[in-house]
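Peer 1: Structure below; questions to follow.
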């Protein structure tokens with residue numbers, strides 16, 4: 001039976017899980033709380049691939065008291081030997097008698113086996129407490145496990161009238177510095193930043209996470225060494241990047257996407273050959289390839305063409321638009337290019353998910369409808 | 001001294017004032033509450049020009065008990081003989097000993113005289129309780145009294161990327177029926193709806209308030225006879241309206257704005273000649289003329305050209321944008337035409353005032369910055 005207490009402790013486990021969000025990729029965020037006689041006796045969260053899972057930290061903290069206790073875990077405990085031994089076994093060994101799990105792990109090497117293993121050992125297992133929240137903290141991991149395609153977030157910064165630059169190209173800055181700080185934290189959570197040769201060359205952009213520009217509340221908790229640089233994935237179908245662009249001298253990896261085997265010889269730089277028959281880069285093939293390379297979540301910062309192509313092919317899971325409270329008029333540059341759209345009834349549809357004031361701007365998040 | 005009680009009762013008076021919002025134009029919304037020994041003994045609000053003021057209704061309800069009571073009024077009681085005798089005198093005569101007023105009346109025939117009259121009669125008068133709310137319920141009346149120019153609300157219905165129609169002109173419908181219902185209630189509160197010949201002819205629009213399409217919560221309170229038809233003001237600088245358009249056979253008045261004395265002979269139809277030197281209609285002159293004609297508030301429903309011209313000339317007090325959660329792409333038609341804007345730093349600036357979900361859409365209200 002699920003009680004209010006179960007929800008309460010699972011909420012604690014979810015808050016713990018979130019603490020790992022900048023470091024766990026490609027692994028999922030997982031939190032664990034161990035409770036005995038209405039007291040939390042153990043807490044843990046997964047911090048980084050290769051390091052112990054949430055359950056292990058919580059069990060170490062609980063020690064002998066774990067005997068007869070309840071464990072709350074945001075994701076089904078693993079049942080396989082990966083880089084660490086199976087958590088299900090650790091829970092059994094510690095004498096845990098009840099396990100509450102928010103959701104089953106879609107990873108085919110777990111997929112119910114962890115739960116089965118616990119039940120076979122006589123442990124009471126409850127599944128589904130705060131399921132939706134548990135889904136929300138691992139959108140990338142879960143989608144990629146289920147479909148092989150990463151979770152795609154498209155970020156746009158726009159005027160009220162859907163413009164991203166003046167006719168002259170002038171675009172610094174439409175949104176406020178607060179909005180641009182907000183963007184930094186999305187970058188920091190993503191597996192990769194997807195952009196194009198045009199954007200990289202136009203701004204000579206670095207596409208890195210700049211620690212100093214992260215919001216204060218993030219910097220308070222995370223020291224610089226806890227912030228990863230997501231992979232920069234740059235579409236360059238015409239082989240026009242030279243290797244001299246800023247992007248190649250930044251920390252972290254840069255992956256160049258081309259149709260042919262023409263690599264750029266630079267440190268931490270890799271070529272992805274997208275060899276489908278079309279002349280242009282096949283975005284579905286590219287996303288599948290990224291999924292195979294443990295890229296669970298893609299943060300897109302690009303111009304109107306890539307934005308439009310992703311939308312037209314229905315590849316965007318989440319649209320994040322920062323609206324600045326200004327108007328740029330009909331001569332300014334459009335938010336997205338949708339060359340094939342002729343009828344209003346066929347317009348790509350989303351649904352509003354949340355709205356938040358960010359400095360002088362408004363951040364609107366939409367999901368695919 | 002202002003007490004919490006004063007604020008509480010003034011809040012009641014403001015709620016009463018709002019009840020008149022569909023019928024009072026060109027008069028202001030005013031509410032009045034009379035309180036004695038912590039009991040409300042009288043309530044009233046102004047319903048319609050020519051009918052008694054709020055204070056009169058409240059005094060009638062209070063009767064003899066008004067002796068020694070406190071009156072809360074959202075706007076300074078009048079001191080002049082208009083269509084009704086001065087309310088200040090009525091309050092004095094009834095034996096009210098304390099009057100709490102939210103704000104002074106900017107009407108030059110009142111402008112502090114009502115307050116002075118009360119004080120001269122030995123009544124304690126307190127001014128400024130819930131001032132901001134009192135301003136907000138009479139934005140049109142107050143601005144027009146102070147400046148001679150009506151309060152201008154520009155309504156836009158847009159896709160996420162700032163488009164108002166497909167390239168083909170198809171625009172029915174970008175926003176949901178819920179959003180269109182919401183528009184009806186703004187129309188019903190305005191002194192006039194401002195539009196253009198192009199919009200009228202493109203849709204053969206009626207530009208009326210359709211009672212059946214008002215939100216339910218409005219229809220619950222107001223019977224059809226309490227809903228006015230705002231004046232329809234149509235800019236027709238090229239004299240292209242024929243008189244056969246739908247708009248001329250609707251209830252309520254239609255005013256046609258032309259440069260020359262070429263009237264349209266139809267019932268309830270009037271010509272406004274805007275005779276400034278330019279070839280086009282001078283919008284400032286037009287707004288002043290409307291102000292002189294007791295149009296306190298202007299609700300604009302028009303295309304990208306009039307919207308852009310009003311914005312470029314800084315004539316929009318409030319921007320009300322309904323965003324539908326869809327994208328129409330670069331070929332679709334733009335929200336506003338701003339031919340003179342060349343630099344990002346000169347882009348018209350607003351500030352977000354409120355955001356509300358309306359059906360599947362989002363209503364965003366912005367004020368001039």
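Placement of Cβ uses the backbone N, Cα and C atoms for every residue, glycine included.
Just so it is clear, the model here is predicted, and its values are computed rather than measured.
Below are the features I grabbed from TrEMBL:
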- B:55: active site, proton donor (ACT_SITE)
- B:53, B:78, B:87: Zn(2+) binding site (BINDING)
- B:157, B:173, B:199, B:237, B:303, B:304, B:305, B:306, B:307, B:308, B:309: NADP(+) binding site (BINDING)
- B:171, B:187, B:203, B:207, B:210, B:301: substrate binding site (BINDING)
- B:4-126: domain 'CMP/dCMP-type deaminase' (DOMAIN)
Peer 1: Using C-alpha atoms, which one of the binding-site residues B:157, B:199, B:207, B:307, B:309 comes nearest to residue B:55 (active site, proton donor)?
Peer 2: B:207
Peer 1: Can you tell which of the binding-site residues (B:53, B:187, B:210, B:305) has the fewest other C-beta atoms within 10 angstroms of its C-beta?
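Peer 2: Selected from the binding-site residues B:53, B:187, B:210, B:305 on minimum Cβ neighbours within 10 Å: B:210.
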Peer 1: For residue B:187 (substrate binding site), what is the secondary structure state per DSSP, taken as helix, strand or coil?
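Peer 2: Assignment for residue B:187 (substrate binding site) reads helix.
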Peer 1: Rounded to the nearest Å, what's the C-alpha distance separating residue B:87 (Zn(2+) binding site) and residue B:157 (NADP(+) binding site)? Just drop the number here, would you?
Peer 2: 43
Peer 1: Using the alpha carbons only, what distance in Å do you get between residue B:305 (NADP(+) binding site) and residue B:203 (substrate binding site) once rounded?
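Peer 2: Distance (Cα to Cα, whole Å): 16 Å.
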Peer 1: Going by DSSP, give the three-state secondary structure for residue B:203 (substrate binding site).
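Peer 2: Once the DSSP labels are grouped into three classes, residue B:203 (substrate binding site) ends up as helix.
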Peer 1: As a test of reading the model: what is the averaged pLDDT for the domain 'CMP/dCMP-type deaminase' (B:4-126)?
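Peer 2: Average per-residue pLDDT within the domain 'CMP/dCMP-type deaminase' (B:4-126): 94.
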Peer 1: I need the least crowded one of these recorded positions (B:55, B:203, B:301), counting other C-beta atoms within 10 angstroms of each C-beta.
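Peer 2: Sparsest of the recorded positions B:55, B:203, B:301 by Cβ contacts within 10 Å: B:203.
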Peer 1: If you draw a 10 Å sphere around the Cβ of residue B:307 (NADP(+) binding site), how many other Cβ atoms fall inside it, taking every protein chain shown into account?
Peer 2: 26
Peer 1: Run through B:53, B:78, B:187, B:207 for me and report the binding-site residues whose CA is within 10 Å of the CA of residue B:157 (NADP(+) binding site), in sequence order.
Peer 2: none
Peer 1: What's the CA to CA span in angstrom from residue B:207 (substrate binding site) over to residue B:78 (Zn(2+) binding site)?
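Peer 2: Residue B:207 (substrate binding site) and residue B:78 (Zn(2+) binding site) have their Cα atoms 35 Å apart.
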Peer 1: Let me make sure I understand the structure: which of the binding-site residues listed (B:78, B:87, B:157, B:207, B:309) has the fewest other Cβ atoms within 10 A of its Cβ?
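Peer 2: The binding-site residues B:78, B:87, B:157, B:207, B:309 were compared, and B:309 has the fewest Cβ atoms within 10 Å.
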Peer 1: I'd like to confirm something. Which of the binding-site residues, B:78, B:171, B:301, has a Cα closest to the Cα of residue B:199 (NADP(+) binding site)?
Peer 2: B:301
Peer 1: When you measure from the Cβ of residue B:303 (NADP(+) binding site), which residues in the chain that are at least 6 apart have a Cβ under 8 Å away?
Peer 2: B:164, B:196, B:198, B:199, B:202
Peer 1: Neighbours of the Zn(2+) site B:53, B:78, B:87: Cβ within 8 Å of the Cβ centroid, same chain, sequence order.
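Peer 2: After dropping the recorded site residues, what remains is B:30, B:54, B:55, B:56, B:77, B:84, B:86, B:88, B:90, B:114.
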Peer 1: On a C-alpha basis, identify the one among B:53, B:307, B:309 that is nearest to residue B:171 (substrate binding site); the candidates are the binding-site residues.
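Peer 2: Going through B:53, B:307, B:309 one by one, the Cα closest to that of residue B:171 (substrate binding site) is B:307.
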